[in-house]
């Protein structure tokens, strides 16, 4: 009766065995360095304000409550982990499932495994070095090359991303077939050109860390004290994949509140629903999250490189198509 059902795993048993071995090796990497492994909730009262993230939500119906409660599936354990940092956890890491209500395909699955860790008293460069250590251990690859966002953008796009006029960015985006480019804001143009022109050209032979993204793309990173045009944010690229996104973390509660509010302003302009601001994170920041750097790394993409897989479902027991 059920012979035609697609019941078999997405990944081969061989790949699942290799996956388990690599995840165990990742855990050893961090425990050997004295980091505490933590677990935080998958469900939360608060979603995220970031306009670039689409979230899943559900409803908690309690027989003892007067009304149901909306809950959000985690897109990242970041906010909860920062609350632990404020409580005095020290350096921490986590391997967990996260959820993003976005595309599914060769490089994306709505549910995937995230490795996230935080290092009190590390600056951005020291954390880049630790990511490099991890990649060399897991992938046996060449050392990471660190390049500034400004440098790689000028190298491949031919414009200075920090000073180019919007008209120049529009003209360049049109060369790469962005429809109605003149209607997009400056950051959207930068992001389009970076993903379309820069990303395919970096990280082919060795991992590349791109640092000092424009301040307008700071997300939850600090603005550089040496150059206010850039943020202390970095990303890792290797073998055609964006692997990780890291920050010298923003710890100023007032600035964080302002950024959340600006996210909701942008959401309104884009016709997106506004999101409730996570007051518990703000409470932790006010209490004192230590100066730290943190990073989120896509484990499934790391496994794709390690195992030579062409699609993300080849390293997952079950991808979204047969979950």
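Glycine residues also receive a Cβ, built from the backbone N, Cα and C atoms like all the rest.
118 is the only one of 118, 125, 149, 211 that Swiss-Prot places in the substrate site (with 76, 77, 78, 249). Same-site candidate for ATP binding, as annotated by Swiss-Prot with 100, 101, 102, 242, 243, 298, chosen from 109, 291: 109. Summary for the binding-site residues 78, 102, 242, 249: the Cβ-based neighbour count within 10 Å is maximal at 249. Taking the C-alpha positions, the distance from residue 249 (substrate binding site) to residue 243 (ATP binding site) comes to 19 Å. Under the DSSP three-state reduction, residue 78 (substrate binding site) is assigned to helix. For the pair residue 102 (ATP binding site) and residue 77 (substrate binding site), the C-alpha distance works out to 18 angstrom. Taking the Cβ of residue 109 (ATP binding site) as reference, residues of its chain lying under 8 Å away and at least six apart in sequence are, in sequence order, 300, 312, 313, 316, 319, 320.
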